[in-house]
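Mind having a look at this structure? Questions to follow.
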Amino acid sequence: PQGIGSPSVYHAVIVIFLEFFAWGLLTAPTLVVLHETFPKHTFLMNGLIQGVKGLLSFLSAPLIGALSDVWGRKSFLLLTVFFTCAPIPLMKISPWWYFAVISVSGVFAVTFSVVFAYVADITQEHERSMAYGLVSATFAASLVTSPAIGAYLGRVYGDSLVVVLATAIALLDICFILVAVPESLPEKMRPASWGAPISWEQADPFASLKKVGQDSIVLLICITVFLSYLPEAGQYSSFFLYLRQIMGFSSESVAAFIAVLGILSIIAQTIVLSLLMRSIGNKNTILLGLGFQILQLAWYGFGSEPWMMWAAGAVAAMSSITFPAVSALVSRTADADQQGVVQGMITGIRGLCNGLGPALYGFIFYIFHVELNEIPMPESPSGGSVVAQYHLQQNSIIPGPPFLFGACSVLLALLVALFIPEHTNLNVRSSNWKKHCGSHGHPHSPQAPGEAKEPLLQDTNV
């Protein structure tokens, strides 16, 4: 009575596709509204908004995951999708409320965590990696198509229609969850008393980070992840705004850039990654991915022409192999009863970077005075954006200083990764963690070893 058919991966795939398709439509309108709302210190405000959202998501994810073990996945799918999409109609009603609600929505913007738990409930262990790959590919596919559609509709019919369409798709997603998505967590799997199993240890977002220093190999991997993902998280939050305002890309060019980069990244993470893993090994694949990331960020930092951005984007696709390779290294070298611990640490660090990276990039843009004085003029017939006046300090050699900072950070990550052994047994001495997992989890819990931790490293690679 709670849905259509039996719970399946396809239910989760449709939920993810509709949510991110709705947000993808708003890529171009968001860049315009952001600059109109914050004409001064645009990059700083963008970094603060995304930083607050990321930190709130990091703090709330463990609690929402624990509560979904008690109340079921369907109710939390509904909750996370509703609050993640709540800011969409506010874009044309009140831009200030739009950005304020985006920041606060980070408390519930953890749809991926609940979706991966949903998939873990309904798949066997040997099926799980393929199911997670399907969900991640759907996320990438939604972002490949939707920005281009949104940019075209905005240019022909106006941004108001794009906002209405995105709102309608978000409502369709909510209705789909209400009507069609069945509950994946059986009633017998839920604790008898919903208040008893929720402890501070389960809800503590820093619990995984406290274990980092207990093993030298784990410490090296976590430092590598932190130093390499921090600039990636910051870049993801500000790069399309940078293309539009500083490099003079049109809305269509930004959408095309996202599409091409997405397609190349999917190819890199499937065909190229499997070939590299077989030919040069796990550790060397990580080092190669970090090398491509350094080249990409340095190119972004020094690039002053649009063609340089396109060339660096092709390199960026190759750099996306790093996190799947790190995840594979951990899953292959950690003991079976340590998978959840080690993957949990990496996931916690990644969540922390999602909060710190955007704020750091925004601050670096601010201190280097990378801003525009005036809003971009309407696009020319040739499709290029005619920018009224640059406040960019062109006497500076570095057009994009945060990207050069990111390249230095990834260079440190590469040096740290050199000391990671190719073959080792990770041993995190965490009896309390095991006791916690055993007493509060259940076989389908996202906290269980080797389940929902690994794919969270891969959900934003594109």
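Each position is counted from 1, following the chain as shown.
Keep in mind that glycine also has a Cβ here, set from the backbone N, Cα and C atoms.
Curation plays no part in TrEMBL annotations; they are all automatic predictions.
Take a look at what TrEMBL says about it:
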DOMAIN    8-425  domain 'Major facilitator superfamily (MFS) profile'
TRANSMEM  12-35  transmembrane segment
TRANSMEM  47-68  transmembrane segment
TRANSMEM  75-91  transmembrane segment
TRANSMEM  97-119  transmembrane segment
TRANSMEM  131-154  transmembrane segment
TRANSMEM  160-181  transmembrane segment
TRANSMEM  217-234  transmembrane segment
TRANSMEM  254-277  transmembrane segment
TRANSMEM  284-302  transmembrane segment
TRANSMEM  308-330  transmembrane segment
TRANSMEM  351-368  transmembrane segment
TRANSMEM  403-420  transmembrane segment
COMPBIAS  433-443  compositional bias 'Basic residues'
REGION    433-462  region 'Disordered'
Can you work out whether the transmembrane segment (47-68) touches the transmembrane segment (75-91), with the criterion being 3+ CB pairs under 8 Å where the paired residues are 6 or more apart along the chain?
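They do touch: at least three Cβ pairs between the two stretches lie under 8 Å.
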Please identify the stretch among 97-119, 160-181, 254-277, 308-330, 403-420 with the greatest number of Cβ pairs below 8 Å relative to the transmembrane segment (217-234).
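Out of the listed stretches, 403-420 contacts the transmembrane segment (217-234) most.
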Sequence gap of 6 or more, Cβ distance under 8 Å, 3 or more pairs: do the transmembrane segment (308-330) and the transmembrane segment (254-277) meet that?
yes
If you count Cβ pairs under 8 Å, which stretch among 12-35, 75-91, 131-154, 351-368, 403-420 touches the transmembrane segment (160-181) the most?
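Between the candidates 12-35, 75-91, 131-154, 351-368, 403-420, the best contact partner of the transmembrane segment (160-181) is 12-35.
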Three or more CB pairs closer than 8 Å, sequence separation of 6 or more: does that hold for the transmembrane segment (97-119) against the transmembrane segment (12-35)?
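Between the transmembrane segment (12-35) and the transmembrane segment (97-119), which are separate recorded stretches, there is contact, as judged by 3 or more close Cβ pairs.
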Counting only residues 6+ away from its ends, which parts of the chain sit with a Cβ under 8 Å from the transmembrane segment (403-420)?
217, 220-221, 223-228, 230-232, 234-235, 283, 286-287, 290-291, 293-294, 297-298, 300-302, 329, 361, 364
